[in-house]
Structure formats: structure tokens, C-alpha cells
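Here is the structure we will look at, set down as C-alpha cells.
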Amino acid sequence: MSLVHVFMLSGGLLLGAAAGFVMHRSGYCVAGMFRDLFMFRSTLLLKSLILLLAVSLPLFELIHLSGFVALPFPFFGPPSLANLLGGLLFGIGMVLAGGCVVGTLYKLGSGSFPALLALAGLVGGSTLYAFFHPTWAVFAKAVAFPTRAVTLSQLLLQPPWLLVVVLEVLLIPLLFVWFRQRRMERPAVVASYLQPWKAALLLALIGTASVLLVGMPLGITTSYSKMGAFLLQLVMPDVAAGVSYFKLLPLNYTPPLGGGVLVGGPGAAFDGVALVQYPLIIGIIAGSALSALLLGEWRMHFGLPWRQAVSVLLGGVIMGLASRMAPACNIWHLFGGLPILALQSMLFLLGLLPGAWLGGLLLTHWVMPADIE
């Protein structure tokens, strides 16, 4: 392992820890962001997401214009209806699980037992996907849009900076009005609480730091497949060896800091994907745990109604499947894809919205009545 790789690994740990700390202090849950929109008509967290985008858009484009990082990022490709369907399923899964792939990690770090169940579901769903990946890949190709464009600027044949300027002209006045009307803050909160808009600013900076460090925004979902591949290899090595999905190497790029070409995929090997994503996962859990310990809030509660336990586990499985079908998760698409106007991310968001609505219906009509009883 080169010095550059050591720097990337340690930097990933720090970025993950910072993200976990910030998300725990603010309760910044993207699953809750969309769930609350439909269940409680609350748009506070969505407003903070718009702020995050307004900050990330110019920062990502400045990095691109500097020539330090090429766009689009690795893993992004031309759009397909599979992105929308993956987003739909992901929306259902994250609401049922009570957190997305990153939210699950920071809640686990603070001692949440439901988050542990969701994590088990995520690994299980990601592993299950491996067995029908060839069929899904054929379907995704069949429903692909007739374009080779990856971003909106490529589709419109316009420079990215121009679209960024247009969007900033629209977003900045809107955010200014929201701040003046004090619609960006939660009232009457404890001193240790971090307001969502502050969390959004910090997460935008963390995402930008990730782009500078590894040439990609925050993303961890391929690692859940890697975990599943490793476990399957332990208990059923012959089966694992025959799964073609685990042999794919979709990552093949040179990080902006150098260190040679990084290659990796969903298999069990410690490769480029592991180098980039594993430190983030460990860091998010550790950062959240540190925040909870400093507040004296860390504790593990095991009491859980059976319907809620099933909901969380099933939601995790659905998310794991969806994160491979889309591919990728809401953090990758919303925090990383939308700021570069990736077409896949726009379709993912279009699917995520009705998915969160459907997930909310299942939650209110099946899970919550059991809690009331």
C-alpha cells in the first residue's frame, strides 16, 4: 500500500467520523427527510437539502474547472428507467427501515438496535441481488434512454458552469427568503443540538473534501455487497465462487492524489472499493458513537415490537436490493450526483419520492397500529 493510499484511508476515516458526528448531533436523517414530507407535511429537512445542493453545486464545479477531478465521477453512467425503479424501491425500504444506508450507520454508532437489524438486512439484500444481477443488467440495458449523456450538461450540450449559475440564481433568493422567515431552524432545542441547515453546510464541505481526497463523493453501498460476498465465502465457498456479480470490477480509475490505478468491485477482496468505502463506514459509526458518548446518551435498547423489528429488517433488505438495482443509495445520488446534475441521480430522486410515500403508507397502516396496541 502506497503513502497515497494510506492518506486516502486515514482521510476517509476522518471524513466518515465527521459525517457521523454531524448527523448524530443534528439527527440528520435523509429517510426522515422524505418520510416527514408525506406523513407530517414537514419540509424543514428538505429545505436543508436544497441548501446542501446550493453549496455543493459551485464547489464541485470549481474543482472540475480546476482540472483536479474529472466529471462525471466513477460509477455514474447513462440514464435508465432502472434508476427510477431502484429509487422507488429504495424509498420504500428506507422508510420501513427507519434510516438510509448512512443513517443506519450513525444510528448504530449511537447504540440503536433497530439500526443493527437494518444493517443485517442491507447486507442480506445486497447479497441477494448478486444472484439475479445478470437478469437485472439485461433489463436495465433494455430500458435505457437513447443517449450516451451522463449529466444534464452533456444532454443539453451546454457547459456545466452555465447550468450551475442558472440554478444558483434560482436557489439563492429562495434560501434567503427561508432564512429571513426563520423557516430553516427548529425552535426550542437543547444546546448540543446542531440545526439542520448547519449540518447541511458541514455535510456539503465533507462531500467536497471527499471529492478532493478520492475523486468521488460519499458512497458506501458497494461495501455491503462486499460484506455479503465475504460471509457467503465463509459459509458456502463453492456458491460464492460461482456468482458472476462478485467477479465484476466496475471501479477503474486513478485518484486525484495519484497512487496508481484503483480497481475494485463487489467481491470480497480488499480492493479499491474497500480502500475508499470501508474507512467511511468505520468512521461514521465511530463519529456517531463519540458524539453519543460525549452527551452521555450511548445505550443499546433491545425491546422492540415484533412488527417494527420485521419492518426494519425487511426495509433493510429492500434497501440493499434497491441500492444495487438503482445502482447506489440516496446519499450518493442526492449529495454527490445531483450537484453534478447526473441524469441517473435525477431519475433516482423521481423514484425516491413516490417510494417514500408508499413506505409511509405501509408504516402507518401496518407497523404503527401494532405499536398503539
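Cβ atoms here come from the backbone N, Cα and C positions, even for glycine.
Taken from TrEMBL as is:
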TRANSMEM  6-23  transmembrane segment
TRANSMEM  44-64  transmembrane segment
TRANSMEM  84-106  transmembrane segment
TRANSMEM  113-132  transmembrane segment
TRANSMEM  161-179  transmembrane segment
TRANSMEM  200-220  transmembrane segment
TRANSMEM  276-296  transmembrane segment
TRANSMEM  308-326  transmembrane segment
TRANSMEM  346-368  transmembrane segment
Statement: Highest Cβ pair tally under 8 Å against the transmembrane segment (6-23), stretches 44-64, 161-179, 200-220, 276-296, lands on 276-296
- request: With pairs restricted to those 6 or more apart in sequence, evaluate whether the transmembrane segment (161-179) and the transmembrane segment (308-326) have 3+ C-beta pairs under 8 Å.
  value: no
Message: Can you tell me which parts of the same chain pack against the transmembrane segment (308-326), counting only residues 6+ beyond its ends and a CB-CB cutoff under 8 A?
response: 82-83, 85-90, 92-98, 100-101, 104, 114, 117-130, 133, 136, 140, 221, 224-225, 266, 333, 344, 348, 359, 362-363, 366-367, 370-371
Statement: Per the Cβ filter (under 8 Å) with a sequence gap of at least 6 from its ends, the transmembrane segment (44-64) is approached by 28-30, 32-34, 36-37, 70-71, 160-161, 164, 167-168, 171-172, 174-175, 178, 183-184, 186, 196-197, 199-201, 203-205, 207-208, 211-212, 334-335, 338-340
- request: With a Cβ cut-off under 8 Å, give me the same-chain residues at least six positions beyond the ends of the transmembrane segment (276-296) that come close to it.
  value: 8-25, 102, 105-111, 192, 214, 216, 218-220, 222-223, 262, 264
Beyond the flanks of the transmembrane segment (84-106) by at least 6 residues, Cβ under 8 Å: 19-20, 23-24, 29-32, 34-35, 114-115, 118-119, 121-122, 125, 218, 220-221, 224, 281, 284-285, 287-288, 311-312, 314-327, 329-331, 333, 347-360, 362-363, 367
